[in-house]
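Below is one structure. I have some questions about it.
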Amino acid sequence: MESPAGRTPAPGALPYYVAFSQLLGLTVVAVTGAWLGAYRGGIAWESALQFNVHPLCMIIGLVFLQGDALLVYRVFRNEAKRTTKILHGLLHVLAFVIALVGLVAVFDYHRKKGIADLYSLHSWCGILVFVLFLAQWLVGLGFFLFPGASFSLRSRYRPQHVFFGAAIFLLSVGTALLGLKEALLFQLGTKYSAFESEGVLANVLGLLLVAFGAVVLYILTRADWKRPLQAEEQALSMDFKTLTEGDSPSSQ
């Protein structure tokens, strides 16, 4: 049902779930900063603290901002489709740039310390996430922002784009959990099992990551919370149906 101004109102519970997701996401970032500040000495580029740039940037970029980019089409329900696309794409660009800083930080730190690269499951999953994220963005840019792709191609690719977007986000959350556990085992060793305060805080951070991922995924999978088709999108959809199925208004 549309409002008198022609705008489709958001479903009743959607704004509350979106607000809850933002509260969780900001808390994840804050707790990450608190963990690194209180127990790891903070962050810096030209010192032993350079490694700490990595988890902070990855959490902000590939978890929080990527999650927000996926929610754009649920939050902005009545704005022009192209405007929403651009915001969706720009949030992904920002997430990519921040994640790239985090990736450079950890490789540079390893080089300075003589530590081997890409031997752990966390690092393998991290590289996979980064490559998939970049590929997803580039393909999405070609299909949905540049005018070259036809409506039929966009319609056929859209389900894959939606699926891989959610899959990459969940893989990002899982990779962050692997990295968190790896860092705790390296730093605490056997003290981890003694309920050290750092370990407890990091475990809370892990639960917050899971909660943020779960709430974002729930919002994305609610079919009744999808962005409604605008008038021009409905017209294009009808034209595509006419071309592919052979029906026309006169045959109804």
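Heads up, the Cβ atoms here are built off N, Cα and C, so glycines get one too.
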Given Swiss-Prot annotates HIS54, ASP117, LEU118, TYR119, SER120, HIS122 as heme b 1-binding, which of GLU182, GLU196, GLU198 belongs to that site as well?
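Only hit among GLU182, GLU196, GLU198 in Swiss-Prot's heme b 1 site, alongside HIS54, ASP117, LEU118, TYR119, SER120, HIS122: GLU182.
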Per Swiss-Prot, is ALA13 on the side of the membrane where GLY114 is?
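In Swiss-Prot, ALA13 is across the membrane from GLY114.
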Could you give me three numbers for the topological domain 'Cytoplasmic' (147-159), the DSSP helix, strand and coil residue counts?
9 helix, 0 strand, 4 coil
Within a 10 Å radius of its Cβ, which of these binding-site residues (HIS54, LYS85, LEU118) has the fewest neighbouring Cβ atoms?
LEU118
Say you check the Cα of LYS226 (heme b 2 binding site) against those of the binding-site residues LYS85, ASP117, LEU118, ARG154, GLU182; which is nearest?
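Spatially nearest to LYS226 (heme b 2 binding site) by Cα position is LYS85.
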Going by DSSP assignments with H, G and I as helix and E and B as strand, what are the residue counts for the topological domain 'Cytoplasmic' (74-85)?
7 helix, 0 strand, 5 coil
